[in-house]
Amino acid sequence: MKEKLRLYHTNDLHSHFENWPKIVDYIEQKRKEHQSDGEETLVFDIGDHLDRFQFVTEATFGKANVDLLNRLHIDGAAIGNNEGITLPHEELAALYDHAEFPVIVSNLFDKNGNRPSWAVPYHIKSLKNGMSIAFLGVTVPYYPVYDKLGWTVTDALESIKETILEVKGQADIIVLLSHLGILDDQAVAEAVPEIDVILESHTHHLLEDGQVVNGVLLASAEKYGHYVGCVEITVDSVQRSINSKTASVQNMAEWTGESAETKAFLNEKEREAEEKLSDAVAELAQDAEVKWFEESELPLLLAYALKEWCETDISMVNSGVILGPLKAGPVTKLDLHRICPHPINPVAVRLTGEELKETIVHAASEQMEQLRIKGLGFRGEVMGKMVYAGVEVETKRLDDGITHVTRITLNGEDIEKHKQYSVAVLDMFTLGKLFPLIRDAAEKEYFMPEFLRDLLAWKLAQ
């Protein structure tokens, strides 16, 4: 007998709550439709639901996000890197204490080799027709960062293979909730064809009709709640097999309904968060300014805080990381979150004088200062002018109309080509293609769990 099963999935919401009332309304409507047709519906979130750029998430350390998932009555969730590495250890350990759904992640452990109390390596769901589905889950293994936060994360592919051996005889269908990114998910599909469907995330791909790799269906719904994905599986309950599987997405911009209850809940959470973040951390005698394309007070203050916190020779901060000024008077946690919402940590690296000079020259180029940045934890608009503490950078605009770095000195002396210098930077400089010499530095020390705004609060309070 042929029957239909639907898996609705969200991924990488990043606390863009403006779309959540639509998502709730859409899924609730679809549940009712399928229920009236006698068809089963399951709902999953594939991680990075939370993002501390949003002040409600900041104030609750993500517990408001879990409340939203509870209220939607989802059937399971994976965790993303925003859940995994942007929360202090004790906050992640307690994040899902009140979750009313299984949190499925097989490759995360504490330092004693135990899973978090809320984690399961897989979840088996029995369907009304007698068939069963095994749901597996993995998260992207940022090894040094998890280690710094007191966790152990293991190789995702090996973990999947181990879990497959456990569930193979227990389930008719195998679905992987993966927060690895599309390239890794394609590799998983090639290596583990026993998987029927991968609900994927992390790299924010929109797979409007899914993608089939080695017989495995990959499905992903982009980011920020712009879309909700749906995998439709037609099964033969007598043969206990899959007849067909397809993927589609619903654009939330085209969905007009909204959940009034969800909007009211979010409004209440915003009021609570504003009150919780209203504590003053410092008092300013006068306004503190920021200018993205010239040296200004707040980025410089952060540069000095970074150098002092990391105990380095030098620090470098892009002015665009500060999103606005601070007014004279009390400075609250909410004020600092408003001007520096990024989930970005300090990092200390070691560079030779030659590498440092090349990096500074690169940062001073108009192309870098004007660069629009997306991702890497950055929640602003533009890179902006690089400012420094501990090193003096002299520049001059020459006849070619380009600003050139003419001299770099440390304590009045030219930096030495082969000497090693410790440099405090933003962790986003160690990722991607922004600063290859920083990214490829052999020595890196991450300072966690503090974010840049925590360093600003510490420095302002001095």
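Using N, Cα and C of the backbone, Cβ positions are placed for all residues, glycine too.
Noted in Swiss-Prot for the protein shown:
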- Asp12, His14, Asp48: divalent metal cation 1 binding site (BINDING)
- Asp48, Asn81, His179, His202: divalent metal cation 2 binding site (BINDING)
- 258-291: coiled coil (COILED)
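Features per Swiss-Prot, on structure.
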residue : record                               : DSSP class
Asp12   : divalent metal cation 1 binding site : coil
Asp48   : divalent metal cation 1 binding site : coil
Asn81   : divalent metal cation 2 binding site : helix
His179  : divalent metal cation 2 binding site : strand
His202  : divalent metal cation 2 binding site : coil
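Rounded to a whole number, the distance between the Cα atoms of His179 (divalent metal cation 2 binding site) and Asp48 (divalent metal cation 1 binding site) is 8 Å. Summarised as a single figure, the pLDDT of the coiled coil (258-291) averages 97. Highlighted in sequence order, Asn11, Asp12, Ile46, Gly47, Ile79, Gly80, Asn82, Glu83, Gly84, Thr139, Val140, Leu180, Gly181, Ser201 have their Cβ within 8 Å of the centre of the Cβ atoms of Asp48, Asn81, His179, His202, the residues recorded for divalent metal cation 2, and are not part of that set. Taking Cβ pairs closer than 8 Å, the coiled coil (258-291) reaches residues 17, 20-22, 24-25, 28, 55-56, 58-60, 64, 67-68, 71, 297-299, 301, 319, 322-334, 336-337, 339, 385, 457, 460-461 in its own chain, all 6 or more past its ends. Geometry remark: His179 (divalent metal cation 2 binding site) versus His14 (divalent metal cation 1 binding site), CA distance 13 Å.
Other residues of the same chain near the divalent metal cation 1 site, with their Cβ within 8 Å of the Cβ centroid of Asp12, His14, Asp48, are Asn11, Leu13, Ser15, Gly47, His49, Asp51, Gly80, Asn82, Ser201, His204, Lys223, Tyr224. With the fewest other C-beta atoms within 10 Å around its C-beta, His14 stands out among the binding-site residues His14, His179, His202.
Separating the Cα atoms of Asn81 (divalent metal cation 2 binding site) and His14 (divalent metal cation 1 binding site) is a whole-number distance of 11 Å. Minimal Cβ crowding within 10 Å, among the binding-site residues Asp12, Asp48, is found at Asp12. For Asn81 (divalent metal cation 2 binding site), the Cβ neighbour count at a 10 Å cut-off comes to 20, with all displayed protein chains included. Across the structure, His14 (divalent metal cation 1 binding site) and His202 (divalent metal cation 2 binding site) are spaced 11 Å apart at their Cα atoms.
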